[in-house]
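Presented below is the structure to which this report refers.
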Amino acid sequence: MGVARRKEHRAAAATFLYAVVVLGVLAGGAGVRAFEDGTAVYIVTMKQSPVFHRRLNLEKLGNSRVTNAAGGGGGGAGDTPSTSVLRKPRHGSPKPMNYGSYLIRLQNLLLKRTLRGEHYIKLYSYRYLVNGFAVVITPQQADRLSRRKEVANVMLDYSVRTATTHTPEFLELPQGAWIQEGGPQFAGQGVVVGLIDTGIDPTHPSFADDLSTDNYPVPAHYSGICEVTNDFPSGSCNRKLVGARHFAASAITRGVFNASQDLASPSDSDGHGTHTASIAAGNHGIPVVVAGHQFGNASGMAPRAHIAVYKALYKSFGGFAADVVAAIDQAAEDNVDIISLSITPNRRPPGLAIFFNPIDMALLSAVKAGIFVVQAAGNTGPSPKSMSSYSPWIFTVGASAHDRVYNNYVVLGNNLTIQGVGLAPGTDGDCMYTLIAAPHALKNNTSSSPTELSLGECQDSSRLDADLIKGKILVCSYSIRFVLGLSSVKQALDTANNVSAAAVIFYLDPFVLGFQLNPTPMRMPGLIIPSSDDSKVFLTYYNDSLVRDETSGQIVSFGGVAKILGGLNPIYGNSAPKVMFYSARGPDPEDNSLSNADILKPNLIAPGSSIWGAWSSLGLDSAEFAGESFAMLSGTSMAAPHVAGLAALIKQKFPSFSPAAIASALSTTTTLSDRQGKPIMAQRTYSNPDSTQSPATAFDMGNGFVNATAALDPGIIFDCSYNDFFSFLCGINGSSPVVTNYTGNSCAASTMMGADLNLPSITIAVLNQTRTITRTVTNVAADESYTVSYSAPYGTVVSVTPTQFIIPSRQKQLVTFVLNATMNSSTASFGNVGFYGDKGHRAIIPFSVITKVAYSS
């Protein structure tokens with residue numbers, strides 16, 4: 001208790017200056033006035049090394065006096081054993097805080113000298129991964145700062161947005177990965193997962209630390225604190241939730257921050273952050289009760305791992321890069337092991353290449369610090385080049401379905417059965433109930449105005465005739481207003497209850513196109529018909545069954561009847577996994593002209609559709625789950641924390657693994673077929689996506705579907721260091737000054753391209769006649785003999801050397817691939833390479849060739 005109090009006290013001191021800015025803006029509207037004056041938020045980076053880079057340089061200098069073993073190619077900032085696959089585990093080494101304070105003083109002095117006597121607002125000081133600051137200034141002031149010799153880069157701030165009970169079983173964790181870790185009560189222990197999201201509900205049982213008799217400690221290497229506010233009181237953190245902060249200065253200064261709704265604290269008023277945190281590392285065996293119904297027990301992927309929350313996104317507006325960079329910088333300084341971001345930029349970053357943006361550059365420094373970084377691919381699929389997570393040092397996750405679905409059905413009086421969605425009970429027995437649409441059940445037989453959409457949507461019970469509806473099935477329209485949050489299923493259910501309806505059925509308005517409905521909790525019998533075609537069939541039956549007066553045309557009686565078969569019990573199929581239509585696709589765009597990068601994205605797919613997860617008691621993101629403690633959501637936002645949790649299991653077993661080694665273990669051990677042994681399929685359209693499926697390519701699913709158990713025993717891995725990423729950036733034409741500005745180090749001559757990075761995949765944007773690619777594998781298991789086999793992408797001939805090799809434990813093997821184009825083509829083609837060990841290990845990497853240029857005859 002004493003330690004917790006000290007950490008909470010320090011939180012108040014550490015955030016004092018930030019609070020002054022926040023309170024000033026909230027009280028006086030300074031943010032609004034500032035932007036009316038033509039100012040904006042700029043992110044400024046300085047040339048002097050940040051705290052972490054300086055510490056690495058000092059360590060390297062000390063090591064070089066003893067041994068000449070350190071160093072690496074590419075002219076980077078000095079790779080160290082901390083970026084090697086066999087490095088020592090990171091630990092809480094002392095931080096040179098005096099140097100950090102010195103950097104802040106230099107930043108302040110720069111501003112004072114450059115903008116002497118002028119108005120500006122400094123929002124953040126970045127010092128650990130990045131030496132720089134966020135500041136509110138005019139474009140003219142930004143230009144003057146950019147011309148200072150101390151300044152490396154000035155960029156305009158930009159906006160970002162947010163992008164289980166059964167999935168542990170679907171991923172076979174209970175009988176696989178968790179067993180290797182000693183069971184769920186030990187899975188992930190000692191690993192800290194840092195989540196940059198919308199905050200957390202600290203009162204949720206998924207984050208309690210008193211559910212077991214053994215009181216596991218806070219990891220010694222973690223040095224973060226728990227911010228204390230009125231919304232996040234003392235005692236909110238514990239041994240499970242080990243740290244929590246919030247970052248909103250950029251948003252507040254812009255005047256978009258709604259203090260009553262967004263909350264200037266780590267508390268989650270959205271729900272998204274609580275949901276993602278529970279998927280990654282929520283406690284095991286937490287009962288999921290929604291709308292009074294029991295849906296099993298929930299667990300995170302690493303239920304014993306620790307959670308640190310860095311709130312930088314908000315319900316009202318999403319978030320901004322300046323706040324996200326501050327969160328990343330703090331998470332790294334706090335020494336988290338994994339960073340999970342279920343966020344993506346709202347637009348492709350401008351500039352020479354998409355990799356050069358403040359968020360990705362901060363994450364590159366985080367990787368240099370030994371932190372594994374995972375990010376959601378984005379929900380902008382299924383179009384090609386829709387990827388929202390670009391850089392090779394970031395592990396990008398797409399969304400797949402899993403094998404559990406909740407379906408309910410309506411059986412009509414003509415014996416036609418229509419499938420629906422709804423976490424709801426069915427009507428009693430085999431009784432058929434009369435159908436009555438809300439517009440046909442108005443009081444005093446009045447008619448509704450065409451503009452009174454809320455009546456057809458069952459949002460207002462005061463206009464409905466309860467005597468007419470009692471005991472019948474109320475029929476409601478599900479319009480675009482539900483998608484926009486202007487109407488809600490919950491309100492319609494209240495209406496149905498107020499007028500004593502036996503059940504409720506929603507038909508899909510024809511204007512709701514390309515929107516996939518998730519199962520929605522209902523306390524009474526009901527369903528939503530998710531198909532516009534099925535909705536037309538339902539309405540035709542209903543209208544044809546109405547009995548009308550031949551003279552007046554008024555309804556005399558309602559002839560349509562139906563019964564609802566409940567959807568509380570899950571159905572398990574064999575066609576999963578499959579790539580969801582919304583999951584962003586490759587190829588990875590290199591820049592705003594949509595040139596193709598030699599980098600495979602996404603890296604893999606993981607469960608992201610209809611995922612149960614914890615829900616904040618204050619959560620407003622999904623009106624259908626308001627007031628509930630769990631919610632079912634879909635998106636790549638749900639897929640990313642699955643992988644973050646699984647990475648924690650790998651980190652626990654292999655504490656010396658570099659971020660690239662963790663990425664390789666996850667990538668090379670994936671599954672390429674569904675539960676029926678057929679190729680994984682990918683949905684291709686928004687409308688009726690299951691009818692437009694085709695086999696998934698590497699640009700849909702990356703290396704494949706994550707296999708957690710296999711990832712804990714990869715056999716061989718493909719390692720990649722910070723120096724390699726540095727050389728890759730230097731190899732981009734014209735990038736030298738940009739790289740220097742962002743990293744503080746000068747580029748040596750580099751011809752390295754993305755395909756040359758030692759990644760567990762090979763992607764070639766343009767195969768101009770012939771190309772030689774090398775990969776180096778490191779054996780992280782016992783001595784083993786491997787055979788290499790491959791399938792060449794269409795229109796290419798491939799040779800591999802060697803095709804067999806024996807690799808001792810902890811040793812490396814170089815493998816060379818020579819690709820020749822046999823035809824001209826601008827159509828992407830795919831193949832793969834398999835490394836098969838005689839002791840059962842298997843590593844598969846995909847080949848992707850986008851454009852081929854053959855020798856002319």
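Including glycine, each Cβ sits where the backbone N, Cα and C put it.
Per TrEMBL, the features are as follows:
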- 41-162: domain 'Inhibitor I9' (DOMAIN)
- 67-94: region 'Disordered' (REGION)
- 188-678: domain 'Peptidase S8/S53' (DOMAIN)
- Asp197: active site, charge relay system (ACT_SITE)
- His272: active site, charge relay system (ACT_SITE)
- Ser637: active site, charge relay system (ACT_SITE)
- 756-849: domain 'Subtilisin-like protease fibronectin type-III' (DOMAIN)
At the level of the C-alpha atoms, what whole-angstrom distance separates Asp197 (active site, charge relay system) and His272 (active site, charge relay system)?
7
His272 (active site, charge relay system) versus Ser637 (active site, charge relay system) - Cα distance in angstrom:
8
Mean pLDDT for the domain 'Inhibitor I9' (41-162), as a whole number?
77
Sequence gap of 6 or more, C-beta under 8 Å: which same-chain residues meet both conditions with respect to His272 (active site, charge relay system)?
Thr162, Asp197, Thr198, Leu313, Ser342, Gly619, Asp621, Leu633, Ser637
Neighbour count (Cβ, 10 Å) for Asp197 (active site, charge relay system):
28
